[in-house]
Amino acid sequence: MYIIRRILTMLLTVWVIATLTFIMMKLIPGDPFSTEEGALPEEALANLYAKYGLDDPLPIQYLTYMKNLVTFDLGLSMEGSGRSVNEIIASGIGASATLGLITLVVALVFGITLGILAALYHNSVFDYTAMVIATVGISIPNFILAPLLMKFLAVDLQLFPVANWGTWQHTVLPSLALASGPLAIIARFVRSSMLDVMNQDYMKTADAKGLPTYRIVVLHGIRNAILPVISFIGPLFVSLITGTLVIERIFSIPGIGRYFVDSIFNRDYTVIMGTTIFYSLILVVVLFLIDVSYRFIDPRITLTSKGGS
Amino acid sequence: MSLLKVNNLKVNFKTYGGTIRAVRNVSFEVDYGETVAIVGESGSGKSVTVQAIMGLIKKPAGEIEKGNILFKGKELLQLSQKQLREIKGKQISMVFQDSMTSLNPTMKVGKQISEVLLYHQHVSKQEAKARAIEMIKEVGIPNAERRYEQYPHEFSGGMRQRIMIAIALACNPDLLIADEPTTALDVTIQAQVLGLLEGIKENKNTSIILITHDLGVVAESADKVIVMYGGMMVEKCSVQELFSNPNHPYTWGLLESIPNVSNKDKERLKPIEGSPPDLFSPPKGCPFAPRCKYAMDICMEEVPRLYDVADGHSSRCFLNDEMAPNIATFSEVEERV
Amino acid sequence: MSREARELLFKPVNKKESLSEQIIRPSLPIWKETAINILKNKLALFGLVLILIITFFAIAGPAMVPYSASEQELTKNNLAPSSEHWFGTDDLGRDVWARTWQGARVSLTIGLVAALLDLIIGVTVGGISGYMAGKGKRGDRIDSILMRIVEVLYGIPYLLVVILLMVIMEPGIITIIIALSATGWVGMARIVRGQILQLKSQDYVLAAEKLGSSHAKIIGKHLIPNTMGIIIVNLTFSVPSAIFSESFLSFLGLGVQAPFASWGTMANDALGVVIGGQWWRLFFPALMISITMFAFNAFGDGLQDALDPKVRKKGGK
């Protein structure tokens, strides 16, 4: 059955990621305790090694890690604060999820609207303008757009706070920077999809039925045009996750992305591994949900088939 | 007064490559309860002609340069979109060639039928559903209640075409336009669908415009025939006249290219040599002249007018001119048919 | 026209001269038609011109000023653009013009090499997978193993993997290229496999197979030429995506290390000072990243339209 096969692939993916991450972490030259400012006293070092299980043979370390992973225990941060990785993720998820969701909604709503309007007014000035803006939007990376927005809208015009997190005003610039790329991609995608649909025979049928224009456009046109957008949410989600890494850094937002980037520089293995696995898990689940929901929404695809390309 | 009267219709399409003169000066009438067949090869302008009637020629790509389309005496080309919607789907409806792509793939077929009723007859949702199920039964699909809830991809090609017909007939139109309704179907299914259309015409006195390139279909179901070539109407006559007294060399070619099973001699199929005219820059003379065995110099120079050759039978060919030499008759072909 | 003159026209045409079939429209070889279509597409042409301009400056730009990219002149730091320093100087007194075009070399090299590696790995894996599918038990197994790998890799956010790889390996240009290609080929492999599968079921390929054409001949004569278009289009899109990833990594501090500079590292260095008003340090590298991405995306779009027969048909009706 399709769903079971899909869930198995999901688990396999997560396991591969966890194992790869583990191997990679072990390959890194040096460790967090021996690198900086000379060595710690031998005894202290041994204590630390014991505390994090680093003195066990590798297979044992791997098994312990996997065992803990199954119970969603991602271990302790090595940063000395004594916080667990779970705590760190929990403290960052609020900001990251808020930012991600706002961005997702903004990108989808405005992207779809823009794409449909551009298609309906095909070859008009509006269409050309929208598509030039969209192509430009795709070309400006979010980590470039963010400082520019910061400079002009926050520092010069003082419309929004420069950085930090807390009120809704704080969410505007980061989500704007984060949404621009996906929004542009969705707009272009929806436009071509809608143009394609408008050339379909069933649109002629709908017209020949003498239906009101809004019904032709909305029920027969837009519905069919935006169905494929669902398959877009997966990649969109990936780009959001990676996007938050830089955006949270630029705007000093206390989200998971910032902790992740910090942990890389601190060689904080457990946090690197924990967040990577957490991200992958979310992503894999989202991809799964999209896939399954697509099969429910689009009547042409059945759950038993092996899946479209 | 006839039901539909098309007068000097001229339709162009603007493309990057230039203007396509898709339909040039087409005129015909459809009477109540009559089946008119429009025959011609691809690109002859037959589909465009009926799309113009349905108001499906949209600017900026398509343009109706001139002409009149009178439906029950009303000029359709002058109507607003809103007024036209009152006629489309209700008094004139259309069945398209490819039933595979003509139904909305993500909407239940039942809903695709009932939405016509909802908008044109202002009935309640339950009523529309009941009537739609009734229609599904009427076009000969069993298990109508269950079928109502299904999607187009769950139907076979012939079944889908029946659904298209059900949609077209939902509001009891006066005129049904069928654009090659059987081309995409198997031969046996073709016969069933044609039978269905025949039945409708007899029971409800619906007029039908039937577009086809199959002269067999014409012989079986049409009353009047219009032969089109290169965007022009080249011959117009009754179905009996078409087979007993065809006048235009293109029509001869069409009749000759029908495979003849009864003929004992192993005769090869006779295709019409050459290819259809380039509609971007149509020849200045008769569009068929470059392929015509009997072409004269005049045919290359100017477009022939319609000559009346018999009562209700006209033909756009210079061979009917008094100055033309008496070179050709259709006797050899006549013997075969 | 007089009646007499007109009457003269009513005689059969001399068949030999006029019935000769006219060729209505000459058909062009596909590459020529593609080239014409690109030249007609203003946006694609614009993209191509931009790519050429940027490449030109990447080659010639640094030599146009008397400063090198790494030469420090601490007394002349943080200068705004002027006739002496066209793009200004940074906090160490280095010339931003020289650094920007030096960075262009790094960014473009990484983008092109990574895209080429994606192409080689992706086409090989996708091609083998697509070709072997349905060729007996062994073929199916090869296909399914390769596709499992692709499926799993596809489910991993690739920049995370790249980040992890960058952490393990010594940061540098070669590391970036390896890290980017380690996951970047997956998209190409999927596309090529899909295309090959579709082509394989085409009648002419089946016919060639039944008539005893060799594997090599089928692959070389039918499959590769007919997948070229989609591969080239995908290649044009993977260049900007690699350039984006490189600047992204460099921006995070994981990318190119001194003495090399890429647009990403320059933008990252400038992040702290842009609010202080030294806009030129962010502006020029940012502009170059954006222009390059725009140029490749626009060109890729145009190429896609030009190679897609569906679009070609739309132009006709």
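Every residue gets a Cβ built from N, Cα and C, even glycine.
Note: TrEMBL annotation is automatic and uncurated.
Annotation source TrEMBL lists domain 'ABC transmembrane type-1' at A:93-294.
With a cut-off of 8 Å between Cβ atoms, the residues of this chain six or more beyond the transmembrane segment (A:7-28) that come close are 58, 61-62, 65-66, 69, 267, 269, 272-273, 276-277, 280-281, 284-285, 288. The transmembrane segment annotation in TrEMBL covers A:7-28 (among others).
The transmembrane segment annotation in TrEMBL covers A:88-121 (among others).
Per TrEMBL, the feature transmembrane segment maps to A:128-150 (among others).
Annotated transmembrane segment per TrEMBL: A:170-190 (among others), in sequence order.
When Cβ-Cβ distances below 8 Å are used as the criterion, the transmembrane segment (A:225-251) is approached by residues 95-96, 99-100, 103-104, 107-108, 112, 116, 119, 142-143, 146-147, 150, 163-165, 170, 173-174, 177-178, 181-182, 185-186, 189-190, 193-194, 196-197, 257-258, 260-261, 279, 282-283, 286-287, 290, 293-294, 297-298 of the same chain, each at least six residues removed from its ends. Among the features that TrEMBL reports, transmembrane segment is placed at A:225-251 (among others).
The transmembrane segment annotation in TrEMBL covers A:271-290 (among others).
Ranking A:88-121, A:128-150, A:271-290 by CB pairs under 8 A with the transmembrane segment (A:170-190) puts A:88-121 at the top. Only residues 6 or more beyond the boundaries of the transmembrane segment (A:271-290), in the same chain, are considered here, and those with a CB under 8 A from a CB of the stretch are 6-7, 10, 13-14, 17-18, 21-22, 25, 65, 69, 74-75, 77-79, 85-86, 88-89, 230-231, 233-234, 237-238, 241, 256, 259-260, 263-264.
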